[in-house]
Amino acid sequence: MKGKAIVKFLFAVAVIIGLFAYFIQPLAGSLKQGLDLQGGTHIVLEAEDSATGVADNDAVERAKQILERRINEMGLSEPLVQREGARRIIIELPGVKDPDEAIKRIGKTAVLEFKNDQGQTVMTGDDLKDAKEELGQNKQPLVAIELSDEGAKKFADLTSKNIGRRIAITLDGKELTNPVVQQAITGGKATISGSQTLEEAKDLAILLRSGALPVKINVLEVRTVGPSLGQDSKDKSVVAFSAGIAMIMIFLIILYRLSGVVANLALLVYVLLLLLVLGKGFAATMTLPGIAGIILSMGVAVDANILIFERFKEEVFSGKSMRVAMEAGFSRALATITDANVSVIITAAILTILGSGPVRGFAISLGVGVVVSMFTAITVSHFLLRLLIDCNFTNHPFWFGANISPATSADAFAPKTLKGGKRK
């Protein structure tokens, strides 16, 4: 029985260490990096009422979605677009070094209009189905547009009534092209010239595909974070995280000996599960506040193990056997752990719902970390400690964190026999 328990315990230790060594790098690498770790551009936009529309909640939400489409089509890595308050939209573009160019590419209202020679608007960008950049016969950059069924009818009517006349195609009131209509165009397709380069044509196509912003957008703040500063923050975060884990592990072993070894193994499982949930489950973007939340939740994970081990020691000193004391210690600590952690989880949930930006990132990391810490303390620590006691390396309380000399006889803590032959 003892031999089987030893094999089970050593196998569990080997599996945990092996999984940690194999998966820690891939899981850590799967986390998206925020602006403060990678460097890039931070932009704060604000919607305002104008002739184009009122900046109510629906209009701002549509503007956010349109900006997201524009940014996604730019092919940027891990952009962030989120609302802040009633009218503000925060955009973070990791890796983008030129904020002026970014604003130029995504911040235009992009109201496309087709006007007859009288200056009357006959069609708008709402009649477009698709737009893409291409090179014309003379290598001239063009934007090829495809119209919706209704748009094709309008365009056919516009061109058929204006043969020999000019029609203007404008974007935000600025004329893109002003061609003379040679014949009626009925196929629902056309091209827009005026771009100097293929890159300009591509940007215009992106604006047309994403649609016009329903409200006017003003730039309130632009901030850039250099890649060297981001790398420095990332390096310091890795050092802080690694040093924190190392110090916690040393502390647990010094204070709780074999129980500390169990807690350290549970901590490795905790780190893996936390990275898995944040990276794969939430697809979270890791920022400095998020890392702070993770480090804080590590403290909560350790606190849960400390509560369990302290209750365990109390039960041992009361004269119970190691196995019975361990089970009783877990039962007594469970209520305290649950009450304390549920309070933190509720607070994190409120911050996640009501907060934004760094506050929300901190709250998500903290909340998820606390939930994972409860799981590892209640299941992993319990399982490993039970295996360790079954191994019967030693039943001396000193090796499980009791503040007594190892020279003290373990018989002093042996289960007491009550009347009738029952053991305590």
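Numbers here mean position along the shown chain, with the first residue as 1.
Heads up, the Cβ atoms here are built off N, Cα and C, so glycines get one too.
Listed in TrEMBL for this protein:
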TRANSMEM  7-24  transmembrane segment
DOMAIN    60-117  domain 'Protein translocase subunit SecDF P1'
DOMAIN    120-215  domain 'SecDF P1 head subdomain'
DOMAIN    216-387  domain 'Protein export membrane protein SecD/SecF C-terminal'
TRANSMEM  238-258  transmembrane segment
TRANSMEM  265-284  transmembrane segment
TRANSMEM  290-309  transmembrane segment
TRANSMEM  330-355  transmembrane segment
TRANSMEM  361-385  transmembrane segment
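Contact between the transmembrane segment (361-385) and the transmembrane segment (238-258) does not hold: fewer than three of their C-beta pairs are under 8 Å, each pair 6 or more apart in sequence. Simply put, out of 7-24, 238-258, 265-284, 290-309, 290-309 has the most Cβ pairs sitting under 8 Å from the transmembrane segment (330-355). Summarising model confidence by region, the domain 'SecDF P1 head subdomain' (120-215) averages a pLDDT of 86. Taking every recorded stretch in 7-24, 238-258, 290-309 and counting its Cβ pairs under 8 Å to the transmembrane segment (265-284), the highest total belongs to 7-24. The DSSP breakdown of the domain 'SecDF P1 head subdomain' (120-215) into helical (H, G, I), extended (E, B) and coil residues amounts to 29 helix, 35 strand, 32 coil. Under DSSP, residues within the domain 'Protein translocase subunit SecDF P1' (60-117) fall into helix, strand and coil as 22 helix, 16 strand, 20 coil.
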